[in-house]
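Asker: Below is a structure I'd like to ask you about.
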Amino acid sequence: MVKAVAVLGSSEGVKGTIYFTQEGDGPTTVTGSISGLKPGLHGFHVHALGDTTNGCMSTGPHFNPAGNEHGAPEDETRHAGDLGNVTVGEDGTVNVNIVDSQIPLSGSNSIIGRAVVVHADPDDLGKGGHELSKTTGNAGGRVACGIIGLQG
């Protein structure tokens with residue numbers, strides 16, 4: 001089993017820890033919790049770069065090794081890093097539990113060393129008709145991020 005972790009933080013007080021586990025060539029399970037967010041839906045993605053030198057802005061675009069358009073997690077054609085939305089409760093916290101087969105922890109398309117990002121707004125899953133729908137899901141600014149690192 002391969003395990004990874006990302007510790008999320010931001011200047012706005014958003015914080016959390018996200019865990020990634022993968023058995024063999026099976027899907028990757030994403031679990032953890034994030035606090036300090038405004039209630040509602042927030043886009044949740046793996047971005048291409050593990051670079052936070054300029055905060056979450058330097059994490060690059062969504063992880064997209066196949067060069068696809070943005071989509072929903074259940075879409076066959078999507079960015080590998082498109083994990084959809086997380087639903088934040090009235091207390092500002094969310095418990096994450098996602099199983100996804102496009103974000104492996106090993107091999108040429110591994111997400112180790114990349115970043116997980118929480119956005120300010122809902123991800124329209126590529127279906128909103130906005131000019132940004134097919135690239136970012138029009139999910140707004142980046143409110144928190146963390147680099148995905150290998151865990152022992």
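Placement of Cβ uses the backbone N, Cα and C atoms for every residue, glycine included.
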Asker: In Swiss-Prot, the Cu cation site includes HIS45, HIS47, HIS119. Which of HIS62, HIS70 does it also list there?
Answerer: HIS62
Asker: Around ASP82 (Zn(2+) binding site), how many other C-beta atoms are within 10 angstroms of its C-beta?
Answerer: 30
Asker: Taking the Cβ of HIS45 (Cu cation binding site) as the reference point, list residues of the same chain whose Cβ is under 8 angstroms away and which are at least six residues distant in sequence.
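Answerer: HIS62, PHE63, HIS79, GLY81, ASP82, LEU83, VAL116, VAL117, HIS119, ASP123, ALA139 - these are the non-local Cβ neighbours of HIS45 (Cu cation binding site), listed in sequence order.
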Asker: Tell me which residues of the chain lie with their Cβ under 8 angstroms from that of HIS70 (Zn(2+) binding site), as long as they are six or more apart in sequence?
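Answerer: Residues satisfying the criterion: HIS62, ARG78, HIS79, ASP82, LEU125, GLY126, SER133, LYS134, THR135, THR136, GLY137.
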Asker: Neighbour count, 10 Å Cβ-Cβ cut-off, for HIS119 (Cu cation binding site): what number do you get?
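Answerer: Other Cβ atoms found within 10 Å: 24.
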